[in-house]
Amino acid sequence: MSQRDTLVHLFAGGCGGTVGAILTCPLEVVKTRLQSSSVTFYISEVQLSTVNGASVARMAPPGPLHCLKLILEKEGPRSLFRGLGPNLVGVAPSRAIYFAAYSTSKEKLNNVFDPDSTQVHMLSAGLAGFTAITATNPIWLIKTRLQLDARNRGERRMSAFECVRRVYQSDGLRGFYRGMSASYAGISETVIHFVIYESIKRKLIEHKANSNMDDEDESVKDASDFVGMMLAAATSKTCATSIAYPHEVIRTRLREEGSKYRSFFQTLNMVFREEGYRALYRGLTTHLVRQIPNTAIMMCTYELVVYLLNG
């Protein structure tokens, strides 16, 4: 891969990540609130009837719409964009590093394994994920802390710089890498995602080659390609997210300020014992609703920018 090709993939990946982050930020905030232990702040009591006819109170976490309503009522609409600054600062380099590492790894591994085989896509996605996570974890920790900083209307909100200072004062440099073990566990999601995506993409290309699309108008072919890539990205991400979601909850818990959670397996065990297995999937619906359009937008923007720059 030439230096120009690497720069094209860097720029395209950054553009895709930035556009997706801006459009889906409110859903990201709601998801993070639902994943955290601070969701207990919003928990309400539900009256349940027992066998003897008596009633007992059970604590029930809010659903996505209820959480969204509470954020709007207590904190205002601006809170739905908490953490957008660090997100924009981090998403471009993160996606750029990821796609550049993915493309470079795939080119190298094609010389070792069968070109464009499943092994190539899995290893390339894993190496790219590891590289991006290691480089950008401090940014995502700050983003999570800001999203969890619930303040009522009129109260002074914590800035990104203040958050950085507090993390350093309490935990030092190591504090910026909290939750990284859960992110490494989440590489499995990335691997599954890209294996499915590349498989669907290859099938679409084969279908196009075997069809009579040459007789169609150019605009019709472009529209068909766009829809195909959107569906490929959405399908692959939905499957991957549903399988690997618990690591998202563990990562958010590890990044909480003053957290009682210390390591990946300790957090996994504590959440399971104290809140049950359902807590490991809290926020999944919101996550899927956000990830499907976010990933589709990101991947299509990436493909479009690469196509335009390569002429």
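In case you wondered, yes, glycine gets a Cβ from its N, Cα and C as well.
Because the structure is a prediction, the values reported are computed rather than measured.
The repeat 'Solcar 1' annotation in Swiss-Prot covers 4-108.
Per Swiss-Prot, the feature repeat 'Solcar 2' maps to 116-203.
Positions annotated as repeat 'Solcar 3' by Swiss-Prot: 224-308.
Sequence annotations record features per position, and here Swiss-Prot assigns transmembrane segment to 7-27 (among others).
What Swiss-Prot lists as transmembrane segment is 41-57 (among others), and the listing cites sequence analysis.
Annotation source Swiss-Prot lists transmembrane segment at 111-131 (among others).
Residues 102, 116, 118, 121-122, 124-126, 128-130, 133-134, 137, 140, 231-233, 235-237, 239-241, 243-245, 247-248, 250-251, 254, 263-264, 267, 295, 299 of the same chain, all 6+ positions outside the transmembrane segment (180-200), place their C-beta atoms under 8 angstroms from a C-beta of that stretch. For 180-200 (among others), the entry in Swiss-Prot reads transmembrane segment.
Using a Cβ-Cβ cut-off under 8 Å and counting only residues 6 or more beyond its ends in the same chain, the transmembrane segment (226-246) has close neighbours at 185-186, 188-190, 192-197, 200-201, 204, 268, 280-281, 284, 287-288, 291-293, 295-296, 298-300, 303. Residues annotated as transmembrane segment in Swiss-Prot: 226-246 (among others).
Residues of the same chain lying 6 or more positions beyond the ends of the transmembrane segment (291-311) and with a Cβ under 8 Å from any Cβ of it are 8-9, 11-13, 15-17, 19-21, 23-24, 95, 99, 193, 197, 226, 229-230, 232-234, 236-238, 241. What Swiss-Prot records for 291-311 (among others) is transmembrane segment, and it gives sequence analysis as the kind of evidence.
With helix defined as DSSP H, G or I and strand as E or B, the repeat 'Solcar 3' (224-308) counts 73 helix, 0 strand, 12 coil.
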